[in-house]
Structure formats: structure tokens, C-alpha cells
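*Asks:* This is the structure, below, for whatever I ask next.
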2 protein chains.
Amino acid sequence: MGMKSFVEVAVDSHFPLENLPYGVFKPKGGGGPRIGVAIGDYVLDLAAVAAAGLFDGTSLGNTQCFSQSSLNSFLGLGRPAWKEARDMIQRLLSAEEPTLRDNANLRDKSIFPMTDVEMLLPFVIGDYTDFFSSMHHAKNCGTIFRGPENPISPNWFHLPIAYHGRASSIVISGTDIVRPRGQGHPIGNSPPYFGPTKKLDFELEMAAVVGPGNELGKPIDINNAADHIFGLVLMNDWSARDIQAWEYVPLGPFLGKSFGTTISPWVVTLEALEPFACDAPKQEPYPLSYLVEKQPKNYDIPLEVCIKPAGQENSLVVTKSNYKHLYWTLAQQVAHHTINGCNLRPGDLLGTGTISGPEPEALGCLLELTWNGQKPLSLNGSECTFLGDGDEVIFTACCKGNGYNVGFGTCSGRVLPATQ
Amino acid sequence: MGMKSFVEVAVDSHFPLENLPYGVFKPKGGGGPRIGVAIGDYVLDLAAVAAAGLFDGTSLGNTQCFSQSSLNSFLGLGRPAWKEARDMIQRLLSAEEPTLRDNANLRDKSIFPMTDVEMLLPFVIGDYTDFFSSMHHAKNCGTIFRGPENPISPNWFHLPIAYHGRASSIVISGTDIVRPRGQGHPIGNSPPYFGPTKKLDFELEMAAVVGPGNELGKPIDINNAADHIFGLVLMNDWSARDIQAWEYVPLGPFLGKSFGTTISPWVVTLEALEPFACDAPKQEPYPLSYLVEKQPKNYDIPLEVCIKPAGQENSLVVTKSNYKHLYWTLAQQVAHHTINGCNLRPGDLLGTGTISGPEPEALGCLLELTWNGQKPLSLNGSECTFLGDGDEVIFTACCKGNGYNVGFGTCSGRVLPATQ
């Protein structure tokens, strides 16, 4: 049985007292952006709770960190403050605690139905890095783009490969995505294709939100790395495969990715995910010492992708994968990212890369699921190779605990036609 | 003969009345960051000038854009406001204009010797993109990394190749650079090298500073592209060639670059550079229509790199190149960057990539100058392949007008030993 809140929480809710993910919202009735946590189908306004003095006596009392339009100040405070906040919010929302439960005025001011708020980007993203940490994805992409001989480049097993992504085009779940135009591969001696992408894809990813970070020139030791990660969100790293295939040699993906990246509004903390920690995969070859953790850890987070084709009522599941399929761990990503002295800042985003599992139904993008368009999926009888205008893509993730869930809600976006 | 200011400007100064580059500074005597322009060996404090009401009556009068700690608000205002500011500042500083010249009190408050101020990063960089726009550099690097057959990948002549760089580690000229550690290529069957880079390099670049920018999903037409560029700075994109060579397949450069990028403190505006505009190179194949400008334009900006070896008094010129050697123009870079709908924001930085010219003495990095360490340079009798601890690298650029210069000052950094 799960913990009990005085706020009603359905049994299958993603957001019980065990979760308490953070987001930034704006009441539809008026008022600026402020920080909240999800509880059932409600949002607790932490700015209002703080203004009522309920964080007084904790290290958060004088920080004003909850009356901000982004989580960044709170992210910068680090794990001890995050724990204090979680303990206090869990207590205030519990069924036994009268402080908020019995204060009708404060309850009215601080608890909003989710339908009455608009969710915003929860943090300002200074830099967005995207890793490439699923071996199954690396192998499939390598096979498709470069052929079946040595599909995974030799460096892949020695270091968590990553590239810098575009921060400006990261949007919140629910934002429409305009089909990008660009150059695609020429065929034979013809000039390159130019026009709306013909190979629009989703990429099933999660992304870690950076906490305090490090000074330039001072790497983060792998055994302290987890203290620099606040939590995780779902992420759809939309991709135009024809643009990507033509542009990516030798400097990597650029316009094939930078037209839009969608994240889910609720940041689920590592504390909430701790019950779902599991063993990390065995790594062979054994990594260099700066990548060796005392207790390597993954998380068992079941992931699902649905597509709601244009004009249809129902969405269909096209993928079931899991965060635990990742080869490189979060701590290894942080240690590698900073080993050269690169500085991470609060609110930086570290994408996992597409999370594909070993099974054919666990592939994290259409490039893999349809083998670059050669094997169309059947969606309610219509064929799907890549995404069409009007298609909506919906990610969801939910960890199943003993009598409760720790879920991520959804991360969705709909494709709009290209601008002319 | 150049224009005359009441502030003393030496004949060989980079900063006469024709230039007026913008920066952000802090008086060493105390006080916060604010915006200034360089004039001779002095800085004019625009916050003080604005506070005295001298911008009243222009569109800048009520903006507070000069009392900020970054140029970003001013960048967002766009070209008409930039022109108003330039006209006003040029008038206020001219020898004939009494307003500031004859106001001893305001002069004392608003004009600082450069030696009495500290220069700061002039703008907040949301995203940093680095292009690869010198054909000579692309050809040399391709030959070194992949061999002499087809050194330039086929896409290069069709689009301005670029990658996302790391924004957090961009530092102001004068900041020391800690030698990065990382993984280098394994030799034969041995495990990868790990340790301080053995191939630390500079990259001679310039970078454009973005003005208003565009909304997500709305590309910038190439013939409006110049209105989105405020000006240029010098940039040293420090590189660890052994780390880069091992990590860059398939997603591009990452830790081989992200440990530090240095920019010069003064942003030279496109208005100041206009007298040095020159023809852009002929492009063959002819580009796709979204990359075709009515009046393609480059700039004739002579560039110089000096190295001051550790422990020595004198620096030596190792490269003389020129911005005009670039194949892809600024406008083409902006049009390409946004053709997929990617949004640019005020303060985004667009690096040119290493600027190498056709001559052996015009190569923009040690990788090319020493042919990956095979042909050492002789610096004051000592051999140089890559950078040693204590070496200082100094870039400078100066356009020669008729009786005046439009210069960029310097962009410098010294190498510190790796942390243990």
C-alpha cells in the first residue's frame, strides 16, 4: 500500500505522495509562473506554501527559490536542500498532517486542479547535451547508415559518446512541431533534395536535469556525480533522418535535430526513483578508471510510445522500452562530460540518446522500427513509415511500486505541415 | 584622414571614432558591470551617458539597455536602434561636439582609461554554433584525419556544415585555459590513452553575434539575414586533437573542444566593418536557392596569430590569415541555420570555423601548420608541434582604412598544466 495524502490520488495516478515531481506552472485564471509539485490530479503551488511561511526553519526559508519562473535556483542548491524540500512537502501533503489539510484558506490558494494550470518549461537550459548510450540503438543506426560490418564504431565501448544539441528549440510537451525543411541526400549525380523532410521521426529518450554542476577546469568525480543530477524528464528528440544522413559527416547531427525537442513538464527526482534502481549492465571492455563507479546503478523505468495518426480518434502503442537498457550510466555520463574540465550549470540537460531495447518491439524510433522505411508499421490499417502531418506522438513512463506508481505523465507533440 | 574625437586616439589605435565596438566592463575602482564602447585607450560608459539623458529623444531613451550586465537587450532591439546608438555615440565623441567634451563632470564619470577597467563576457550566450566554412581548413583536416582521397566530404560544397558547440565554457580573453584530460586514440590493440592531451591546439576563428533572431518554425530569409547579425569578435576555439580524433565518429567533436573557447571583449559592428566589405568567393556548384544572396559579401579582415612560448619575453607570429578566405558567407550561415525552423536568439554566437587561407603561412591551427605534429615550427629556436604548458596564444585582427583602423584588439589565453 502506498502513502496517503489528504488530496485525492487515484490508484493508477502517476503522481502519488511517493513521487512529488517538480514543474513550473501558470494558473489559467491569471498570475505569473511559479514552481509547483504534482499530487494526483492537482498541483501544489510552492510559492504560496513558502509565502505562508511553511518552509521557515528549513534552509529553503529565505531563498525565494520557489517564487521563480524556473527551477534553476532550486537546482543550484543541491541535494541536502532537495531532501529538505521533499521531506517537508511529503509531510504537508500527508493525510495525518493538519497544517495544510485543515487550513481551508491556504488550501484554496495553493492547490490547483491540473486542468486549471498551464505547464511551462520547468528550467532554463544553458546547454543541452545528447548522449548515445543505448547499444541496441547504436548498433541498429550503424547498420542502417553504414552497413552491417562493424556497425558500432570502436570508441563506443570505451566512452559514452555524445554531442552538443540545440537548447533554444527545446519546448514543453503539447507544443506543435513544424515539419522542417532542408537538404536531403542527392541520388546519384542529381543535386541534393530540398524541401520538407520526408523522414520525420521521433526519438524515445529521457533526459537528466543538472543540479549544482562544476567550475570550469574542475572535473566531477564519478562517485559524486549523482549529487549533480536532480531528476529525469521524458524527451522526444524529433529527427529528420534525410537531413541528418546528408549533413552529419564529419561534424555530427545539426539541422536534422535542431528544429525541436520536446520534454515532459514534470521533473521526477532521483529520490523518487530510488526504489526503482537496478543493476547497471556489465561493461566489456572494463572502463577506464575515471568511469568506474563504486555502485553502478540503472533505473527500471518502463517506457511507452504511442502514435495517434492524423484524423484518428485512437492512439496505438508502437514501442515498449525501458531506461534500464542503457549501457552507460548517468554517473558515467557526468564524469565523462566533465573529465576535460567542461563546466555543467544548473538546468543543463543531459539526454540519454534513443532508448532501444533488444526486442523488435522495444525500438525507440521509426528509423529502427521500420528499418529506414523499408518495413512499414500498420497503424489501424494504415501504413506508417515516418511521421505524417497531423500525427501526434505521445511518450509515457511509469514505474510500478508496491501499491503505487512513480510516473512521468506524458510528453507529446503533433506534427504541423512545413511552412512554405 | 580619419574622423577626429576629443578623446586622444593614437594613429595606430584599433579603436578610433570609425570603430566604436561594444563591450561590458567593470571599473576596477568599484561598481557593477555596464556597457561601454572603446575609444582609443579609453572606454565610454554608456550607462552613465544614458543616465545623463543623452539618449533621450532616441528610441534608446527609455530602454535601460545600457545599464545591463550584458549586451543582450541591446542586441534584441535590432538594426534601426543600433544605427541610432552609433550615430549618437559618434557625435558625442567627436571633436566638434561640445555636449560631452565641455562637461567635465560627465566626462569624469563616463570616460575610463582601459587600464582602470576589467572586461567581462559581453553577452549571455544561449547557444553557440561553430561552422566549418574555410575550404582550405576543411581540405587540410580531411587529408590529415582521413587521407588525401576525397578529403572534403561531398556535402561540404552544398551547405555550410556546422555543429553545436558548448556555451558554458566560453570565456573572455585573458582567461587561463587548463589543459584538458581525456581519452586519446588507442595504438594497435592497446587500450585508449588516458591523460592530459598531448595535442593541444588553437583554432583561429571569428564569431558573429546574433541580434533579434527568429521564432521557432520561422526561417530567416537570406536577404534579411544581415539584419540579424550585430557584429563580430575574435575567437580561439581551443582544441585537443587526440581527444577529438578518437571521439568524433559518428556524432562530431565534443570533449576535444568543450574545455574552453576564448572570445575577444569588443564586438565590432557590421556598420564599422562595412568599408571593408568585399566580394564573396564564387561558389561552384551554384547553391540551392535558399542560399543565394542578392549581394553576396565577405569582409577583408587581416588576422594574425602569435605564440608567446612559456618563459619567453617575446611572442612570434605563426599565422597571417584573413576573414575573406571563407567560402560560406555570414548570410548563408544564418539562412542555413534557420531553414529547418531552428530559432536564433539575441546573443547566440556563430563561429566561422578555423580560418585558413591558401598559403602555408595562412593556416589557422597547429594541426595544419605542423601537419599533425610531423613538421614542427621553430619558435625562437625551440621546436613547437602543439601547445605546451605556459604557452600563450594571442590573436589580433585589424582592418586598414584610409588613415584609420577598425581593429578587434586581442583575444588571448595562456595554457595551465592539467589538474591531477
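We count from 1, first residue shown onward.
Note: Cβ is positioned from N, Cα and C throughout, glycine not excepted.
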*Asks:* If I go by TrEMBL, which of B:Phe132, B:Phe157, B:Phe230 binds substrate at the same site as B:Arg146, B:Gln244, B:Tyr248, B:Thr354?
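*Replies:* That substrate site, as TrEMBL gives it, pairs B:Arg146, B:Gln244, B:Tyr248, B:Thr354 with B:Phe132.
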*Asks:* To which of B:Asp116, B:Asp127, B:Asp130, B:Asp300 does TrEMBL also attribute binding of Ca(2+) at the site defined by B:Glu203, B:Glu205, B:Asp237?
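*Replies:* According to TrEMBL, the candidate sharing the Ca(2+) site with B:Glu203, B:Glu205, B:Asp237 is B:Asp130.
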*Asks:* May I ask for the distance between B:Thr261 (Mg(2+) binding site) and B:Asp237 (Ca(2+) binding site), taken between their Cα atoms and rounded to an integer number of Å?
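*Replies:* Each residue's Cα considered, B:Thr261 (Mg(2+) binding site) and B:Asp237 (Ca(2+) binding site) end up 5 Å apart.
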*Asks:* Measuring Cα to Cα, how many Å separate B:Asp237 (Ca(2+) binding site) from B:Thr354 (substrate binding site)?
*Replies:* 8
*Asks:* To the nearest whole angstrom, state the Cα distance for the pair B:Glu203 (Ca(2+) binding site) and B:Arg146 (substrate binding site).
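*Replies:* Here the two Cα atoms lie 19 Å apart.
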*Asks:* For B:Lys257 (Mg(2+) binding site), list the number of other Cβ atoms lying within 10 Å of its Cβ atom.
*Replies:* 27
*Asks:* Roughly how many Å lie between the Cα atoms of B:Lys257 (Mg(2+) binding site) and B:Asp130 (Ca(2+) binding site), rounded to a whole value?
*Replies:* 11
*Asks:* Say we define neighbours as other CB atoms within 10 Å of the CB. Which of the binding-site residues B:Gln244, B:Thr261, B:Thr354 has the fewest?
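*Replies:* Checked B:Gln244, B:Thr261, B:Thr354; of these binding-site residues, fewest Cβ neighbours within 10 Å: B:Gln244.
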*Asks:* Taking helix as H, G and I and strand as E and B in DSSP, count the residues of the domain 'Fumarylacetoacetase N-terminal' (B:18-122) in helix, strand and coil.
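*Replies:* For that range the per-state counts are 41 helix, 24 strand, 40 coil.
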